[in-house]
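Trainee: Got these off TrEMBL a minute ago, pasting:
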- 95-126: region 'Disordered' (REGION)
- 206-238: repeat 'ANK' (REPEAT)
- 239-271: repeat 'ANK' (REPEAT)
- 272-305: repeat 'ANK' (REPEAT)
- 306-338: repeat 'ANK' (REPEAT)
- 339-371: repeat 'ANK' (REPEAT)
- 414-438: transmembrane segment (TRANSMEM)
- 444-467: transmembrane segment (TRANSMEM)
- 505-616: domain 'Palmitoyltransferase DHHC' (DOMAIN)
- 551-574: transmembrane segment (TRANSMEM)
- 594-617: transmembrane segment (TRANSMEM)
Amino acid sequence: MSIFVLGPDVWFGVVVAVSAPPLPFPGLRPMAAEGVRGEHALGGSRAGFSALTAAPLDAMGDGSTTGLLGGASTGASSATARVRRRWRWGWRQAPDQQIQTAAGGSRVRGKQLLPPRAQKKKRKKKVEDLARLGSSVRGAMAEIEVVGDGGGAKQEEGREARVNGGEADPVVDVYSAAAYGDLERLRGFVERDGCAAASLAAPDGNGYHALQWAALNNYPHVALYIIEHGGDVNAGDNAQQTALHWAAVRGAIAAADVLLENGARVEAADVNGYRAVHVAAQYGQTAFLHHIVSKYGADFEALDNDGRSPLHWAAYKGNADTIRLLLFMDANQVRQDKNGCTPLHWAAIRGNFEVCTVLVHAGTKEELTLKDSGGFTPMELANDKGHRHLSYILSNATKVTFEDKYCSGRSRKIGYAPILFCFVVVLITLFLNSIIFAPNFSRITAVVGLWSWGAISLAFASLVMFYRVSRKNPGYIQANTKRLDSKEPLMELDLNSSAWTGNWSQLCPTCKIIRPVRSKHCPTCKHCVEQFDHHCPWISNCVGKRNKRDFFVFLCMGTTTAFLGAAIGFHRLWTEPILLSSSESWINFMLSNHPGAVLFMFMDVFLLTGALILTGAQATQVNCLMEWLFRPYNSMVC
């Protein structure tokens, strides 16, 4: 027996727990239909998901326990029992935090406290009440109501006797033995009692089979024993959920293998039309879903009674890795259910930002504008549900840009590179005509001329690097065209890849490949890039493994060129002898006599500012300079 005192203003509870691990609650079963109807996101009513959320176990509540997947069961676990006693702790504060009031009492943080004498009397009463409570716990031990998993008065009496005798043995029948994976006790029950042997094929008092408990807790040896001794591998409970459904709840792959290898139907559906693939998607069991699809051919596009696929459920529950896997297997992301909702609609309703991002990148703009039966788009649903940031992202994704209207194909990938190229050419022309060879300037000295030609040389070298960075492959990972054409692309996955260790984020649903570490998919280029840094619109290319050093060199050369040009231009303007009238300023004189030089200075300073910011950011984020200087070392660790 353990007594937990949680502190001021917290209920006091006496918790009686056994040392054995808690037995799963009888209510633990996949998504029972509740017929929940919800308000439409933008007004009106519409049929919502059946049991959209998995209710948590109410072990600290009023004694009733709601199943994780719907349905309800009364009482506590067969392995745990709780005695609830309400006890209100009085407010007590440290003396140095109390402020005496005029009435003789004290006030702490706005709360009126009793005078010291009254507080002492109250504390004495608490001690007496605690003593009475401690003596009453022993009597309350015999009053704990325990509802078992197998049902029956015999089980209740045996368990009560064990509690009163100081023991806490949760294994009292074949059902609890299967749930705890105690094969020896299970074999003993079957060999000693003929009724126990018959129980392997019969449900308990709540309608659940021993095989379901073994599958839920992933005990394949127990499941195999039950099957060999008469257990029906396709037996269903009151909701027609089989042991395979229960295995999908916790991703019990080993138990599922035993079931499926002994005749379990992988497409078995319950009363709501949920199959094992639906349950796995609801609970984010990505590895389990992948296993039964790739090895046993489960239909990952199967629909339940409401026309919802596993992709709908994964989107609603926010399981991004499951979304990636289903899209990798070419699941239909524009399928609409009976309410006209696509997976993106349900993700927007719940505000699942990561799921929406994956769906948007893997889809098209036309898919973003699909409307449900109420006439609402995902963006409108997200906005009405209060997901402002997600609504803003979806709104930007649905906007029709200038490129969407007038550009297509290769011209759409050009970006701002032509603008930057023309800008640099204009700067070089202005520098030559308005700074160096300007007729209204005095002749330049040899030193200034040397620096000027050095700046021009760097400018042309920068253009060469600009072309190189723009045209060079940044490290595209080629999509497997054979896998794209394959009907079962997942069957060709490398068993030694990172995806099999749980890194499902490395799956690219667009390129249908498993990306290496530090690689990402560029939505602009529509390619996965090794060591992806960012997509630069000014070079119309991504910055990745193969061109990041060239990109950093290009930035350094451009920044140096712009700095030299600005220094030479300022020197020419500042040292130029001028004759100012009494009403004319220096700026007005330069604008009227050297407009080309002033324009060059303005454009060059603008370019220099942007180049400095970008160079600093690139140097700190990617650390290209250090990687370039210590290339032999980094080539081994990268």
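Placement of Cβ uses the backbone N, Cα and C atoms for every residue, glycine included.
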Trainee: So, taking each listed stretch (444-467, 551-574, 594-617) in turn and counting its Cβ pairs to the transmembrane segment (414-438) that are under 8 angstroms, which one gives the highest count?
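Mentor: Maximum Cβ contact count belongs to 594-617.
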Trainee: By DSSP, how many residues in the repeat 'ANK' (239-271) are helix, how many strand, and how many coil?
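Mentor: Across the repeat 'ANK' (239-271), the residues distribute as 16 helix, 0 strand, 17 coil.
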Trainee: Need one number: mean pLDDT over the repeat 'ANK' (239-271).
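Mentor: Averaged over the repeat 'ANK' (239-271), the predicted model reaches a pLDDT of 94.
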Trainee: Which bits of the chain, at least 6 residues beyond where the transmembrane segment (551-574) starts or stops, bring a Cβ under 8 A of a Cβ in it?
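Mentor: Residues 427, 431, 435, 441, 444, 448, 451-452, 454-455, 458-459, 461-462, 465-466, 468-469, 536, 539, 543, 590, 594, 597-598, 600-601, 604-605, 607-608, 611-612, 614-615, 618-619, 622, 624-625, 628 contact the transmembrane segment (551-574) from elsewhere in the chain.
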